[in-house]
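According to TrEMBL, the protein carries these features:
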ACT_SITE  HIS110  active site, pros-phosphohistidine intermediate
BINDING   LYS4, PHE52, ARG80, THR86, ARG97, ASN107  ATP binding site
DOMAIN    2-133  domain 'Nucleoside diphosphate kinase-like'
Amino acid sequence: MAIKYDAIQRGNISEILGRLEKKGYKIVGLKMVTPTRQQIEAHYHDLKGRPFFAGLVDYMTGLPLVCIVAEGKGVISYSRVMIGATNPLVAPPGTIRGDLSVDVGRNSVHGSDSVETAKDEINLWFKPEEVANYELANAQWVYEK
Ligand code: IDP
Ligand code: MG
């Protein structure tokens, strides 16, 4: 997941990280990056050709982004549920976009949409040594076994 610059400006870094933590997901990678145009174009390569692509790339280039790697059961599919629809006005209350955003171009967060995409995005934004390997002390209170 990534916290976009609009959410950083709105003071919602802790709110968004807190939702992942409170759910029971483990944060294993976390850093603020100021992406180049090439990085944003690579990140959104599947959207090249869409009418909003140029505006999206312009918006995100050169502005800080908080990049997150989270681990846990169902994290990729369920983090999308936690994020809500791309258009925050369709995202239900209780979701990140439903609670924290109004406009599609200021929708607070990015979320990987599949295991393959998540792998590619982690490789794009993190070096292997930037992803931590540790156990949460409360894991037995999150998972049956
Ligand atoms: P997602 O972030 O929910 O996965 P995508 O379709 O992957 O949505 O689009 C990536 C980002 O591009 C969105 O989060 C949003 O910021 C922007 N975007 C998507 N569709 C539109 C649009 O129709 N107009 C303007 N921006 C859009
Ligand atoms: Mg997407």
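Glycine is treated like the rest: Cβ placed from N, Cα and C.
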(request) May I have the DSSP-based helix, strand and coil counts for the residues of the domain 'Nucleoside diphosphate kinase-like' (2-133)? (result) 65 helix, 19 strand, 48 coil
(message) Say we define neighbours as other CB atoms within 10 Å of the CB. Which of the binding-site residues THR86, ASN107 has the fewest?
(response) THR86
(message) I'd like to verify something. Among the binding-site residues LYS4, PHE52, ARG80, ARG97, which ones have a C-beta closer than 6 angstroms to some atom of ligand 1?
(response) PHE52
(message) By the count of other Cβ atoms within 10 Å, pick out the sparsest of the binding-site residues ARG80, ARG97.
(response) ARG80
(message) Here's one to test understanding: among the binding-site residues LYS4, PHE52, ARG80, THR86, ARG97, whose C-alpha is closest in space to the C-alpha of HIS110 (active site, pros-phosphohistidine intermediate)?
(response) LYS4
(request) Would you mind checking how many other C-beta atoms are within 10 angstroms of the C-beta on PHE52 (ATP binding site)? (result) 12
(request) Other Cβ atoms within 10 Å is the metric here; tell me which of the recorded positions LYS4, HIS110 scores highest. (result) LYS4
